[in-house]
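Undergrad: The structure under discussion is supplied below as C-alpha cells; questions concerning it will follow.
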Amino acid sequence: MKRLLLVLLCFLSFSVYANEPTATTEEATDKEAFSPGEMILHHIGDSHEWHWFSTDNDHFTTYLPVIAFRPGQGVSVFSSRNLAEGKVYEGLKLEHEHLVSEDGSKVYDFSITKNVASLMISAVLLLAVFTAVARGYAKRGSGAPKGIQSFFEPIIVFIRDEVAKKSIGPKYERYMPYLLTVFFFIWFNNLMGLMPGGANLTGNIAVTLTLAVLTLLITLFSSNKNYWHHIFATPGVPKPLLPIMIPVELIGIVVKPFSLMVRLFANITAGHIVTLSFISLIFIFRSLTVSPVTLAFGLFINCLELLVAILQAYIFTLLTAMYIGGAVEEHHDADYQMGGGDGAEPAHAH
Amino acid sequence: MQIVTPELGLIFWQLVIFGIVLILLRAFAWKPILASLKERESSIEGALRMADQAKLEMQELKAGNEKLLAEARMERDRILKEATDVSNQLIEQAKNKATEEGSRMIMQAREAIQNEKNSALAEVKNTAAKLSIDIAERILRRELADQPAQQQLVDSYLQEVKLN
C-alpha cells in the first residue's frame, strides 16, 4: 500500500512538472500556476492554522495556538496569526508548516495544530455520543434500545461478538474498552476527514503510529508464557533452525503493529489524494467540460471512502484483537497448521 | 518525506487525548453499556429458560392430571362395585332374615295352636269327667226313687252334653 502511495505521488509530481511549462507560457498573465501536488500535500498534511477556503482577495482561516518548547527558553504560547505568511515571532518561524527557530536551536512543537484541534473535536464528539448511548441504557435498563442507542448497539455487539470474543476468547472483556474506543475513534475521525474542511487525522502517520504502539504495548503486557514460548521455541521447528526463527519471530512482534500503522495511514491518505486529484483535474485542464467526469469520479471515490472509513476501523480493531488473542491464548495441542478441521484429532508433533 | 515523518507534538497530543477519551469512555460509556447488554442478554436467556421450564411443568401437570383422572375413574368404579356388592348382600341378608322370621313365626303359631289344642282337650276331658261324675251322682240319687225317671234324667243329661 505504501509503495502504491509512493508511485501515486511520483505520478502526481510528474504531472505537475509536465504541466508547468505550458502553464507558464500560455497563461503567463496568471498570478501563480496551480500546482496540484503542492495543494494535495498541503491538504493531507498538518498545519498550524485551519484554512477553510479562499476567495480572490481573502483567506478564511482559523488561527490556532502555537505552543513551542525550547530548552533553556521555556514554553511560549501565541496565536499562529503571528507566524502567517512567513513572519517571525519570538524567534520562531514556519518553514513548510514546520516550526523552526531563527537561530537554528532545537524547538519542540506542541502546537494545537489543525490535526490536534480535529482530534479534540472528535474526542468531544465521541464522549458526547457514547455518554448519550450509555444514558439510553441507564434510562431503559434492559428494555429495547431506542434512537442513537439502537444505532450503535448492533455495532457494539458486533465488535464484542465477532471481533473480541472470536479473536481473544474467554478473556475478551478486559480488552473491550480499548477495542471499542479504537474502532469508534478511527471511524469517527475517518468520517470527519472526509468532510469538507476536515483534517486528515487518521491519515497522519503520528496518529496511526501512536495507536499501533498502544496495540503493541497492550499485546506485550498481556502476553503469557505461551506467547514467548512460541517466539523463542517455536513448536515444530527443529533446534538448529531456532537461531533463524527467533529473530524472525522478534521482527514479527514489531512488524504486526507496523503494518497496522502503515495500513491505516496509507489507506486514508491515498483516499484523500485520489479525491483531491480528481478535483484537481478541473484546475489542470482549466475547462468546465471535464467537471462532470471529475465530479462523477470524485463522488464515486468519496462513497468508496465512506466504506473504507468503517472498513479500516474494523480491520484495525480486528487485527488488534487478533494480536491480543495470540498473546493471551492458553496453551493447547496446536495442530501447527498441519492437522485437519474441528473433528480431526490434533496432530501431536513429538 | 514530510508526510511519513511522525511529528512529536501530534504524537504527544494523540497519546494524551486518546488516553483521556479511553479512560472516560471506559468509565462512562463502555462499562455501563456492556453491563446493560450483558444483563439484557442474561434476562432474555433467563426468560427463555423459564418459558421452557413452564412448558415442561405444564406437560407434567397435564400428565399428572390425566393420571389423577384415571385414578379417580378407577376409584369410582371400585366404589360403585363395592356399593353394588354391599346392597346385594344387604338384600340377601334381609331376605334371609325375613324367611327366617316367617318360619319362626309359623313355628310359634303352630306351637301356640298345639298348646291351645292341648289345653282345650284337657278341659274337654275335665268337663267330661266332671259331667260324668255329676251324671253318675244324679243317677245314683234318682235310682233311689224312680226307675223311669232315672232313664229320663239320663237322656236329658245326655242331651245337655250334646248341646254343649
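Even glycines carry a Cβ here, placed using N, Cα and C.
Pulled these from TrEMBL:
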- A:1-18: signal peptide (SIGNAL)
- A:116-138: transmembrane segment (TRANSMEM)
- A:175-195: transmembrane segment (TRANSMEM)
- A:201-221: transmembrane segment (TRANSMEM)
- A:264-285: transmembrane segment (TRANSMEM)
- A:297-324: transmembrane segment (TRANSMEM)
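Please go over these features one by one and say how buried each is and what sits next to it.
TA: Beyond its flanks by at least six residues, the transmembrane segment (A:116-138) meets 50, 64, 145-149, 152-153, 181, 184-185, 188-189, 192-193, 198-199, 201, 207 of its own chain at Cβ-Cβ distances under 8 Å.
Long-range neighbours of the transmembrane segment (A:175-195) within the same chain, counting only residues 6 or more positions beyond its ends whose Cβ lies under 8 Å from a Cβ of the stretch, are 118-119, 121-122, 125-126, 130, 155-156, 159-160, 163-164, 168, 201-203, 207, 211, 214-215, 218, 222, 264, 268, 271-272, 302, 305-306, 308-310, 312-314, 316-317, 320-321, 324.
If you look at the transmembrane segment (A:201-221), the same-chain residues 6 or more away from its ends with a CB under 8 A from one of its CBs are 44, 46, 115, 118-119, 122, 175, 178, 182, 185-186, 189-190, 192-193, 253-254, 256-258, 260-262, 264-265, 267-269, 271-272, 312, 316, 320, 323-324, 326-327.
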Undergrad: Mind checking which residues reach the transmembrane segment (A:297-324)? Cβ under 8 Å, same chain, six or more beyond either end.
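TA: Hits for the transmembrane segment (A:297-324): 159, 163-164, 167-168, 172, 175, 178-179, 182-184, 186-187, 190-191, 193-194, 202, 211, 215, 218-219, 222, 256-257, 259-260, 263-264, 267-268, 271, 274-275, 278-279.
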